[in-house]
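Notes follow once the structure below has been shown.
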Amino acid sequence: MQTNTQTTEFTPTLVADIAPKIQSLKNTFSSGSTKALAWRIEQLQQIKKMVLEQQDNIFTAMQKDLGRCDMESWTAELGGVVSEVDHSIKHLKKWMKPRKVSTPIIAQPGKSYILPEPLGTILIIGAWNYPLLLVLSPLVAAVSAGNCALIKPSELSANMSKLVAKMVSLYLDNDAIDVVEGAVKETTELLKHQFDHIIYTGGEVVGKIVMRAAAEFLTPVTLELGGKSPCIVDSSTDLDVTAARIVWSKWMNAGQTCVAPDYVLVEKSFAPQLIDAIKNKIAEFYGADVVTSKDYGRIVSERHCSRIIKYLEDQNVVFGGTHDLANKYIEPTIVLDPSSDSPLMQEEIFGPILPIITMDNISQAIPYVNAREKPLALYLFSKNSSFEQQVLTSTSAGMVCINDGFMFAANPNLPFGGVGSSGTGAYHGKIGFDNFSHLKTVMKRSFWFDVPLRYPPFTSKKFKLLKKLI
Ligand code: NAD
């Protein structure tokens, strides 16, 4: 049986040590050492080496923090970091090159290009649900772009926080990459300092605190937030594959995934078939008695566990519903037609409860989604291509996957990020590189052929000619 009741003594970084750490990173950036391609490649290789060599320690920490099985930790976190590193190493030289653009006639003879340059020191504030990926994936992007970075892992995944600090000290260039461990007090101290970019992953409330603090220094932010991600299931879909993919994406990490389907929208007449198919897949994946499955995770803390259990009050539970607070266990649970104003439908669930909302016609799903905040992800299962187009063009979401769960996260060519209240900015692959770079405008003019047209004294003849050129 999985448990995550083993806790670790959490030792935050001393507040007095935070300012010197930041200053040291800034001094390193000023030295220019992180700009070299060789330094970037070496650090990326070291990140990969660190993850592979420390795999067993990482698995143990994940098990303690989230009751996660090793394969799920590999698929969702370690594998993601390794493929981000490989992708960056493969393309980095090209990303760093000046990007030539055309030059208008008014600026001829001349050349124009965009020169990516590192921003400086990046603050990476991570969340507990994917405690390795959410700090190392931004780190890959920050290092690829030639920056220094300060990582603040989440205190809720205390075992991983401790391990991240240890691994970074053992494997990476500590003059350029450092860790501050801590909770609210330490993060508040961090936010009093000037960084060149802050990437924050977590909830909306703290996202606003981060953005406010960043505004003091006009520091750009990337906010990787959450929200209620809808999953629209049209009756034309392949029922068996749809059920498997919904169960995989909803109950991975016991539902504690920012891009997990938060709720399902389905036609009334098709709902019983879909619910049966989902129940069967849960049994197939986790066994008849899920609590004994080694593949099903636990809730990160008692506070979060109580929060999720509370969502079940006065609801029509049609599957599951059992829980064990002491072991932070909640069974995969399906709730049918909760009211829109219940906390279950007002807040991001971020746990293993799947509400199924039925409607007379699936086209009603579009106004349902549009009446709410823009979600981080939107899922559509359908074989009807005109409905697919309708959903794509009539709704807004950070990311969309048609006929699967969050598989887009596995493609480094796609930006990962939200829109509106689900986040701002994005990373992964080249988009991450660009996010942590300043795309510097450069124009080089020739001294030859200096057209006097734009210089005073201005005449009506010059003005006429100029209007033709601009
Ligand atoms: P959390 O509790 O780990 O908090 C996130 C970070 O904020 C931590 O490092 C924490 O120390 C810091 N923090 C907490 N309170 C603070 C305060 N008052 N001032 C400054 N810093 C503070 O994580 P959480 O907020 O429970 O995360 C869950 C949310 O994150 C969900 O909404 C989920 O959807 C979202 N999320 C988004 C992504 C994404 O990539 N978009 C990924 C994972 C989680």
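The count begins at 1 with the first shown residue.
Including glycine, each Cβ sits where the backbone N, Cα and C put it.
Over in TrEMBL, the protein carries these features:
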DOMAIN    15-442  domain 'Aldehyde dehydrogenase'
ACT_SITE  Glu224  active site
ACT_SITE  Cys258  active site
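Rounded to a whole number, the C-alpha distance linking Cys258 (active site) with Glu224 (active site) is 9 angstrom. Mean pLDDT for the domain 'Aldehyde dehydrogenase' (15-442) in the predicted structure: 97. Its Cβ taken as reference, Glu224 (active site) is surrounded by 27 other Cβ atoms within 10 Å in the chains shown.
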